[in-house]
Every structure is written in C-alpha cells, then in structure tokens.
C-alpha cells in the first residue's frame, strides 16, 4: 500500500532525512538524490507506517529547519498539574548531618521556563547576559557544549538562536543548598484534615531561592511521607513556631475563608532591643513593600493598612520579651512595626542594622532612597556571606548590587569555565556514583539521628565525599558553615486559633525571664 504525501511535504521530509543522515555520517546522506526519485513512501518502510498526524509531528521534530524556513515551536504544555511534589522530586538527593546541621548532597536539577514576553525577539545569549548574571557567559557556552541547555527539548548548540513565543527552555544545573539546623520538626497535631508542626528556625516553609530539599515541605515528604500538603500560612525562614498545613483542597479553602474574614487569632513572642513600654502598644502604621523580589518593607503612608498590638512580658535591663498580636497579615508586619517603634528584634538581620541610619529606622526616619536602601542591604550581606536571609537566588540580586555602568560591585568574581573543560562531564555517570554514597553522622543532634535512621534505614558515616562537577562554580568554593547565631531570629509563632481549632507551641528558651544572651545562641 502506498501513502500519498503533498509535494511540498514530501520534499521537506526527504530533505530533512538527508540532512539528518548527513550529520550522522550515514551513507544515506549521499543517497539523498536517489531517495528523491521515489514518488511515494511505501507502508512498512521506515516511517511509512506512521499515522498521518504522528508523521507530521515527526517531521517537525526531525532537526533544524531548512534555510529560509521558520523555526517550529511546539504548543505550550502545563508544567505542573498538582499542588505538591512527587516521589521523584523527593528522590533527587539525600540528607546528611554534620556539626548540628542538616545538609543536602549536591544534585542535578532542571530549571524550566517558557519564553517570557520581554525575551521575545532576543537571542538566548543576550537573555543570559542580561538576566542570568550569576554565571559568566563562558559557563553558558560550556553548558551548551555539555548538552545542559535545551530549547523545546532539543540540545542548544548555537546561543544566538532568537527566542519566539512558547519556546520552552530547560537548563540543567548542579545545585547546592545551604545547610539548616538539624533540630527535628516536632508534630503538634496530625489528623485527617491538617498537619501542624513546630517549625525550627532556619527552615523555609517551601522551596525558594537556593532552598529546595532543606524546606519543611520536602522534609515532611521525604521523612514522614506527607505529600500534597496545602500551605495555609507562611513563616519567615528564621521565624520558628506553629505552622499549619491542610491535607485537602476543601480544608484549605475552608481555613482560607477564615483568613479572609479575619476570624483567625495569631500570637507571637519576640525579644526586642531596649525597654519596651509596660502599657499595651498598638501600631497601625501602613506598610509598603520596597521590593517584592528581595522581600524588604518599610512604613510609608502609601502602604497597605495594618494593625499590630504589643504587650510586654519582661525586661532584663537590656532587652524586652514582647507578645505580638497581628490583626492583619502583611509581609514582615511585626518586624517592621517594631523597627518603627524603635525596638527592633534583637537579631533581626534586615530591620536591626545601621543600613537604615543611626536610628535604625525608628519613626520611619530613613535617609535613603529605596534603591540606595536595597543596594546597601544586599552589599552588607554579600560581604558577610549571609545572602540566604533574602530567600531568593543570588542571580536575582545581581542587578541590585551592580554599579550604574553595569559592572559588579563587591561580588565575588565567578570561576572561569571553558567549553573544553566539559569533555569528561557525564551527568548520569556522576548521578550513579553519588547514589552509592553514605550519610554523614550528625553531631549534637542525637534525637534527629536516631529518628532518621529508624525511619529511612540509611546508615551513617563520619566522612563523605561528594562528586565534583567540572562546570559547577559552587564545587570550587569552600563555604563556611553558618554559626548558630545565623540560624535563629528571636521571633516565634506561639499560637494559632480558628473556628474549631487552637494549636500552641512551647515558649522558646530565649523568651524566658531569666534568659541571658550567650555566644552559643541556643535555639532549642
């Protein structure tokens, strides 16, 4: 049986087949002219048995377009059909424990995105140059040679390719995550509807910035088989305390309705600088978001209305323990209001710093423009290597710290990478080698070690050796572990109450009346 093809489609198919064979060095490439003499494809020949629809799709995927022909872009697909993460996500890597810290073994990860509107008509190289400045351009050239850049699931060989609407970009990177505390997550409640935990300080709630596996969502999924959880409310990474998840969409919607109707009661405790007033203090200053990307706010008349009530619990001569009752849920509301009142949280890395001026932002007295403020904050934490407090990737901060001429400020110079260094780079080989590794033993975290060993069945070893990736800049950098004081902020979610439920956590040690600040910053 013979299948009829339109002349233009037959010519294109034969041309693409010849080009494909020529690239692979096949004799069929030289036989292209002979192939053109066959007017039809016979059933049973290579590709001849394909249905018409699949044949047309195969033609479009069969390689680079001919000269003068427009590049084909497949229609878009939904990237994520669910609310949670699957077993495949949880299996990307494993934890190990060292020096009281939970650490993540470096792993390969695909960043995926569709072409953004501002990228249309620009070359891929230009987009990398202007928007992905965490790596030098030589890195992206080397990544292309190594097959780590894919456009519409085809390897990118030429970074000058011009991006079109619906182009799908996949970038495979070697991912390193910052360590967090090894303190175990304590369960306050688990039933058919909700999961409520006492979140340790230093753990983000969900993936953000450089954090993915070192988040509450991933730890609950990997170690406790709790998946498809719906986040009801959020706590900052350095904030500890009551954190609530819904197990179903219905429960999430029901509690979200209570949030919108302001039927929930939230209670926090914090330790602030100075002697806080003994009488109850109400702050209703509007809060403006200075940068959604960085997550910095300040009091401003143009901001959104909000209200926080404060009650002092104790004063030790230097600092005060204060209860906080937020009636609205603005970003960093408690922290910004305390800064405005002149009593910032003792170890708040954003709102208790001289970057805000001699008064540290008291009364809204900030003698900087928003741009100057953001630049100063980012540069300060770049110098301290504490960028993780912003909960976003470092490449998203580069435009803020660059000088007006486009040159970097106090950034660390990236490691040089050449395309030749990728010749021995084999991602799958590195993955298989890494899977046979062992976990490092935690120190000062016997409870977590015992719990993890019993639940996962994995063994521990005092030393470990991670695979080095030839393209990865992080593999060439030895970063110091965070100190205990970098893992905690004296702000704790003490109580969360709604219609039919109330959950409370224990008062943290730093909130006790007789507590005195020491160098170890005990967060337990």
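Start at 1 and count along the chain as shown; that gives each residue its number.
Cβ from N, Cα, C; glycine included.
Curation does not apply to TrEMBL; its annotations are automatic.
For reference, TrEMBL has these:
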- 236: active site (ACT_SITE)
- 60-70: compositional bias 'Basic and acidic residues' (COMPBIAS)
- 194-339: domain 'Pseudouridine synthase RsuA/RluA-like' (DOMAIN)
- 43-70: region 'Disordered' (REGION)
- 1-19: signal peptide (SIGNAL)
Other C-beta atoms that fall within 10 angstroms of the C-beta of residue 236 (active site): 21
Segment confidence, the domain 'Pseudouridine synthase RsuA/RluA-like' (194-339), expressed as mean pLDDT: 94
Helix-strand-coil residue split for the domain 'Pseudouridine synthase RsuA/RluA-like' (194-339), DSSP-based: 28 helix, 55 strand, 63 coil
